[in-house]
Amino acid sequence: MPSSSSASSSAAPWLGLVVGNTRLHWGLFYQQQWQAVWHTPHLTAPQVAALIDQQFDLAAWRSLQLLDQDTLDELAPLTAIATSPSPLRLYGASVVPAQTALWQSYSGFREVTLADIPLANLYPSLGIDRALNLLGAGDRYGWPILVIDAGTALTFTAGTAERFIGGAILPGLTTQFATLAANTANLPTAHLPTALPSRWASNTAAAIHSGVIYGTLATLTDYLQAWQQEYPTGYVVLTGGDGSRLYQWWQQHHQKTPGMAVEPHLTFFGLSRLQPALLATDPQF
């Protein structure tokens, strides 16, 4: 029978932190249910120190001036949590070691690594975000599962029966636009349009939109056809900062999307699935 201290610890709130290539993604959880999700730029050492010193209190977030008022309103529960005598647990998964290092001095921090992921066939350099996405997608939608993460990179991560199959990585949509602008003398900086553009463009900016977007959709089509041939009962989940937009374009382009969903917070599904096991093996708590 669990002790009262372990039971109260398992019921305590906790924070999830996913360190992406360009942003930090935060989640506030009670047990395995999240209460709020928000995003910030990468933080500096003084900003991290301020959050730690104030136990992630709402006032600390407000002082950073990184969040709008609506987001701050959602974080109101942090005020009560910050009065707890125990450090707020922070489970972090990171693809940016320099950002991870800023949290190592915090006693409540626990870094999530590939060794924690209960999936077979993971290779050592696989991104922890991809592994958590796959775990969360398989747990929520079932196996086989293909995760398409449209962020700084566009990644394909496939698995079946709690086993990593393989995947692919190519530049994300925003990265493709930025690379063209940075490495060519006469091409303008282009940004993601809301609607699917005309394929045959009549100006340079529109031509960039057409090339990047239809090129990405062609890649998506090829991988999805291969996936459906090998795993006809498999499911597909899009996630990442551009996941919803890519899904919208896919719908406009193909008119139907069988066995496909969008889940912008997929990494947190994986982290939430993992948290009880992490807590059980953490000597601090």
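Each residue's number is its place along the chain shown, starting with 1.
Using the three backbone atoms N, Cα and C, a Cβ is placed for every residue, glycine included.
Cross-referencing Thr83, Thr113, Thr152 with the ATP binding residues that TrEMBL gives (Val18, Val19, Gly20, Asn21, Thr22, Arg23, Leu24, His25) picks out Thr152. In this entry, substrate is bound by Tyr123, Gly127, Ile128, Asp129, Arg130, Thr204, whose most widely separated C-alpha atoms sit 41 angstrom apart.
Following the DSSP three-state reduction, the secondary structure of Thr152 (ATP binding site) is coil. Same-chain residues that are not part of Val18, Val19, Gly20, Asn21, Thr22, Arg23, Leu24, His25, Thr152 yet have a Cβ within 8 Å of the Cβ center of the ATP site turn out to be His42, Val95, Val96, Gly151.
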